[in-house]
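Structure record follows, encoded as structure tokens.
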Amino acid sequence: MKAIDSQDLEKHTPMMRQYLTLKAENPDVLLFYRMGDFYELFYDDAKKASELLGISLTARGKSGGDPIPMAGLPYHAVEGYLAKLVQLRVSVAICEQVGDPATSKGPVERKVVRLVTPGTLTDEALLQERQDNLLAAVYHGKKGFGYATLDISSGRFVIAELESCEALEAELQRTSPAELLYSEDFSEMSLISAFEGTRRRPEWEFDFDTSQKLLLDQFGTKDLQGFGLDGARLSLQAAGCLMQYVKDTQRTALPHINSIVRFNQGDSIILDAATRRNLELTMNLQGGHSNTLATVLDNTTTPMGSRMLQRWIHEPLRDRQRIEARQSALEEILENGLYDELHPLLKSLGDVERITARLALRNARPRDFSRLKHALAILPEIQQILARCQSAHLQSLARIISEFPEELALLDSAIVDNPPMLIRDGGVLKPGYNAELDQWRDLSQGATDYLAELEAREKEATGISTLKVGYNRVHGYYIEVSRRESDLVPLSYQRRQTLKNTERYIVAELKEHEEKVLSSQGKALALEKQLWDQLFDLILPQLHELQLFAQGAAELDVLANFAERADTLNYQRPVLTDIPGIQIESGRHPVIEQVSQTPFIANPVTLSPARKMLIVTGPNMGGKSTYMRQVALITLMAHIGCYVPAQSATIGPVDRIFTRIGAADDLASGRSTFMVEMTETANILHNATPKSLVLMDEIGRGTSTYDGLSLAWSAAEYLAQKIEAMTLFATHYFELTQLPELISNVANVHLDAIEHGDTIVFMHAVQDGAASKSYGLQVAALAGVPNPVILAAKHKLHHLESRDNHNTQQTDSSGVQQSMVFPDPIKSPLEEAMESIRPDELSPKQALDILYRLKDLS
């Protein structure tokens, strides 16, 4: 809809002038304009809503001489429609009637009370309960990127200074924001173009001084040094934009956003975007959430615990002391079987974290208060369990998960056991909570009782069996009589409404009591709403303590969950050491062993200063990728404080985990499979260190044999000799199995397979040494390649192998046999026939015969 100037506005009706003015103030969102019991949309908004929501597109007369496209939806069903729009990354402005229709001259006063955007959701119905819902902002400066995230449904505010495009890509993958703000002159659009919820913001919102003032005002401090934000200029600019956006959309105080944390990549094991994707931590390769590490590890009982677990998975710690504190707490819970006691209690807590945020925003509903009351009542039992614990970490959690006796007593006295969904209908506050409220309710109830008496009395006096007293909002109270008995109605009855089968009447006595009922009900509802608002004021002084309690309860849930998982899935406590290397005995892939229909074959791995690289060979489907991934996942699990699927594991310092596993064309960026592969390889070779764990799978397969082998050889050599990273290098280039003869810290391992005639059985067992063959034809047969093709391939394979056996074996300077690295090109039958011709020895007849034969071969 084009902008409307003041002259254009005069052409419209007063109501449409009001709408157009509000729409001009909110041009980039759908405007839900409240009219009675409906939200209406007009013009382009109506057309868009009709298309997205499947609601009818109609017209509302004319205004300014033109028909007005209109679509509407009932106010009581708005949450469902909002949920659908949010999933489509569409933002909505909610415009409510704030004036009194009885006293308004012209259109009732309306204003936009909130903006619903994908990154600023707090309504329970709109949120995924087990996933963080993050609003993010990114700012690009000369020294890198500033990145900030805010979860308005919890108050968690985090910033990060990022030096490179790769680091930003990894953060975007880790945080997966629902909405991403960026500045007008952002120059790296290729990094964020894949996100649906991007919003361009004016440059002034990222101004450093403006941002700093916004944050100081929000936190009520004179400086930001106490938050440890020195040198975080770019990320503070991003954070300032976030705060401005949240203030614009929420239009209320935000007391639960009371601190900000700096995320330092050096505090956790760095995982780039490719690694997070390839290891399928919280999202599988198809974009879903099934069969991921999170689904196996997550048996938490609270939504806030589940969300914390996912954050832990994406932020594996490097600080051994913090990891071992988690391990010790887990061990005590496990050895004493405390998780069986804790699970039902923790489950009763619900989602206190998000309830607390809604309290802070003053949009909590009656059932939020009821759930909070129930959660606070559970705390003494949790405290009794924690009081028996010796772990320092559990004792610290016990101090955070403190009891709230005064708040519990207040809520217990105020909120009924099963409150209605909304305060507007009343009936939320208990009888006895407020004497004046009880008085108005009694008057209302007394008037209601009178109506029952009136109905019985009038039935008896008139002899009308169908007579009954009813009420609706339009006509108020009435006496209803069926059409067939309407002739029995006394003259004192005044007709109020005629329906198809009934007549409705009013009498003076009923009118008088109607006024009493409506007056007492209205005053009771008004007072209850006032007392409801005061309830927020009484609870909010404990907001910070409630937030700490929610965080502590979430962590206790994760630790109890880890104990249950360790017991149920036979996980063992890993040992963290300062000695470089990774030693795993009988390791298992945590996801594959749960979804596999056959018993999982456990395998060992040993990486040390003397054994930095393993060249992994074996058949396709033999388990090379599974083996490598399980090493990475076990390492990651050890660094979040979880027990691991292994008989034992001793793990030294790890700073990064890299994976180069699988690839596909990146059509959006115009990159081929091989380009994607080489880009990821380059990132590893530039950033890996001796403390990095590197998984390299089938490097070089996206190009020609010679180029691919050369690149794979050189990359392996560079990782082993130059970087000395802990590396698992899977390959089908058997030439690479000669590397251990040339480089002392490289060793061969292979995954075994056994042939039975033309079939193959994969043993999935890792053995020392190189594989004897690749079993490619057998795997092709298992995949369903037609038998004639398999037979032809066998014939060609025997031909090539026999030629190799007769070739002179030349060795190049690196020790690789020349015929293996650069085999002779395979000649066609036509080429072979041409080479056999001796022109000087042919007669004209022979030459003509050969010419016909060559024509047949061509």
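Backbone N, Cα and C define each Cβ position, glycine as well.
If you check Swiss-Prot, you get these features:
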{"type": "BINDING", "residues": "Gly618, Pro619, Asn620, Met621, Gly622, Gly623, Lys624, Ser625", "note": "ATP binding site"}
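Within 10 Å of the C-beta of Lys624 (ATP binding site) there are 26 other C-beta atoms, taking all protein chains into account. Every protein chain shown contributes to the tally, and the Cβ of Gly622 (ATP binding site) ends up with 26 other Cβ atoms within 10 Å. Take the CB of Gly623 (ATP binding site) and look out to 10 A: across all protein chains shown you find 25 other CB atoms. Residue with the densest Cβ environment among the binding-site residues Asn620, Ser625: Ser625, by other Cβ atoms within 10 Å. Residues Thr626, Leu751, Phe762 surround the recorded ATP site, their Cβ atoms falling within 8 Å of the Cβ centroid of Gly618, Pro619, Asn620, Met621, Gly622, Gly623, Lys624, Ser625, which are themselves excluded.
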